[in-house]
Amino acid sequence: MPTTQQSPQDEQEKLLDEAIQAVKVQSFQMKRCLDKNKLMDALKHASNMLGELRTSMLSPKSYYELYMAISDELHYLEVYLTDEFAKGRKVADLYELVQYAGNIIPRLYLLITVGVVYVKSFPQSRKDILKDLVEMCRGVQHPLRGLFLRNYLLQCTRNILPDEGEPTDEETTGDISDSMDFVLLNFAEMNKLWVRMQHQGHSRDREKRERERQELRILVGTNLVRLSQLEGVNVERYKQIVLTGILEQVVNCRDALAQEYLMECIIQVFPDEFHLQTLNPFLRACAELHQNVNVKNIIIALIDRLALFAHREDGPGIPAEIKLFDIFSQQVATVIQSRQDMPSEDVVSLQVSLINLAMKCYPDRVDYVDKVLETTVEIFNKLNLEHIATSSAVSKELTRLLKIPVDTYNNILTVLKLKHFHPLFEYFDYESRKSMSCYVLSNVLDYNTEIVSQDQVDSIMNLVSTLIQDQPDQPVEDPDPEDFADEQSLVGRFIHLLRSDDPDQQYLILNTARKHFGAGGNQRIRFTLPPLVFAAYQLAFRYKENSQMDDKWEKKCQKIFSFAHQTISALIKAELAELPLRLFLQGALAAGEIGFENHETVAYEFMSQAFSLYEDEISDSKAQLAAITLIIGTFERMKCFSEENHEPLRTQCALAASKLLKKPDQGRAVSTCAHLFWSGRNTDKNGEELHGGKRVMECLKKALKIANQCMDPSLQVQLFIEILNRYIYFYEKENDAVTIQVLNQLIQKIREDLPNLESSEETEQINKHFHNTLEHLRSRRESPESEGPIYEGLIL
């Protein structure tokens, strides 16, 4: 039978299993011999056990498991030897003896184990033995075996390295300098072995080797952790000895993987205070790293860490003598210069980190933030970038960069102080400019930032011009209507934040805003001009409030209404009708209420403009009814007209109502007109209501006549009920022309017609309306109000 091929994983498991079994057998024998005090035999079994670490067949992961199993067993040997030496056994002989082990791997592991026990028993030998051990380990140059051997050396000597604060005879026991030299040498040798791994084996296994190297990196990094744990390593020693030694090794190894990992390791394991004192050498080293190293990530990690340190409430902050921002700014520029092929998005990422640093460490220094933006503009100019596509990585990073000042200051006026914010904004393509403009305006609205001067209005409008005017690079096809409406509504809401405490300044602000919005095209102005008109009306009311302090207030009001008139006229030119009609009516009301010199003429002009729009521009019957109802309602509220002006306007309303196309619309509009002759007011009667009962009756009779002409029975009855309600209203207002007899006749007419209607949901509604009307009359008849009319003789 042919044997089945094993997978590499199964092969590894089998090899590891066999090695572990051998370790168990040899360690069992070693322990038996130790229990019988047969030390030489025990060392022979230990040597056999360690012989398993000579293999080249295991993967790093499997080798690590084997190494851990053997380390545990060696610990047993170390404890035994420590006890023996405490009882007076000679260590020196043993230290000499294990050097005769046949193979170098077992020999060095045993030497380290015995050497550590020797140092614990005779501290005066520490300096020589440590030096001896770290040098002897050079005997193993196979990368995997050498790395684990040196890791064993580092772990075993962890508690015996000389450090600060312990009584020592420096000649023999060594001091902190010896510890630093020991770990730095071990680190350098381990790094060389680790780097050399990539050159072993066939080139087709390169990816696999890189993965294995990634798995082993922590062994090299442990040296740096060990250095950071030495209490004797203060800022001065770190600067002069430790960092210099590490950086020399990192830069000289010319291996991208090692450089990137070790630089990040330095940032992580040493304290922030050390980094602050060694920024320049560290960042200079960054500029010298291999071209394939992602320097951006290293620098960003350091910046972010120091920014957090500066921001800590319980921390000491950044010392005044350390110009943190300047150092990073200069060194980042050097790094970018040294890497011509650095991707644009990485360059911008570095600026993002710099701006974060400026914001967190120097919140008051707007100039630092602007310096970062200026540098970015210069870089883009060199790269000849323009209209950066929304989908690109550069655009995403640039968006991050520009959002930081917006989000941190939460005040657009501070952002406007950044001279290079707008120039950088212009590098975006149309889509990105639009979305960033929305982002900026949303921030203004969220934080209610008031814009108080013309210059500020100009600056913001220019910044977000993509939302306000057509752009040369905008797409040919029309935007999505919903999105467009959302964007323009944002702009419309923003207008309400254009407000100065000084009314004259406010007028200039509105004028400036109109210049920008006026160029927005027909699609935009329907959203942007109405709020501007309302802001103008509000300003006129402010002048009225301040009339005691400003003797020219009336002329200024006239100017404002002229401004509003021009602005509304722009909407008419854009072929809009209903919107300008409403704005004219609102203006007429405002002018009448404020009562400045000439206000009647202004109000009359605004009313007649509304009429012209109604007659010339509105053709849809539904829209016509809505418009004439609005005109009548507005006019009824006004009390600034003399009879000379009031009479033609109310007559015009009645005429327009009777000319509507559809009979039901005519009936409703004419009955609404009745109110003008009752509660309308003019100056001739000192603002009192007209109470023209006869004219009211004429309107209501005309409405009934029109209702009679309707062909649809349901609609006819519905109109009768509506007109009945009008009659009741005027009867209760004590209009003598409306009598109980009139009410009885109309109720009787409705009662006769209702049963003839076809059964439907609509008929049900009509019945309900009529029933509610009768209920109202019944309750009034049964409990008459003391001042109200008496419903005597009403037939229900």
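In case you wondered, yes, glycine gets a Cβ from its N, Cα and C as well.
Model, not experiment: these values are computed from the prediction.
As annotated by Swiss-Prot, phosphoserine applies to SER7, SER783. Look at Swiss-Prot and you will find TYR791 tagged as phosphotyrosine, backed by a large-scale study or a structure entry. Per Swiss-Prot, the feature region 'Interaction with SNX3' maps to 25-44, 205-215. Positions annotated as region 'Interaction with SLC11A2' by Swiss-Prot, on the basis of similarity to another entry: 438-796. The annotation region 'Interaction with IGF2R cytoplasmic domain' is assigned in Swiss-Prot to 500-693. Positions annotated as region 'Disordered' by Swiss-Prot: 776-796.
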- request: Could you tell me how many residues in the region 'Interaction with SNX3' (25-44) are helical, how many are strand and how many are coil under DSSP?
  value: 17 helix, 0 strand, 3 coil
Query: Taking the Cα atoms as reference points, how far is TYR791 (phosphotyrosine) from SER7 (phosphoserine) in Å?
result: 105
- prompt: Can you tell me how the residues of the region 'Disordered' (776-796) break down into helix, strand and coil by DSSP?
  reply: 7 helix, 0 strand, 14 coil
Message: Distance check, please: Cα of SER783 (phosphoserine) against Cα of SER7 (phosphoserine), rounded to an integer number of angstrom.
response: 101
Message: Can you tell me which parts of the same chain pack against the region 'Disordered' (776-796), counting only residues 6+ beyond its ends and a CB-CB cutoff under 8 A?
response: 728, 731-732, 734, 740-741, 743-744, 747-748
Query: Counting across all protein chains shown, how many other Cβ atoms sit within 10 Å of the Cβ of TYR791 (phosphotyrosine)?
result: 18
Field: Secondary structure content of the region 'Interaction with SNX3' (205-215), with strand meaning DSSP E or B
entry: 11 helix, 0 strand, 0 coil
- prompt: If you draw a 10 Å sphere on the Cβ of SER783 (phosphoserine), how many other Cβ atoms land inside?
  reply: 7
- request: List the same-chain residues at least 6 positions away in sequence whose Cβ sits under 8 Å from the Cβ of SER7 (phosphoserine), in sequence order, or say none.
  value: none
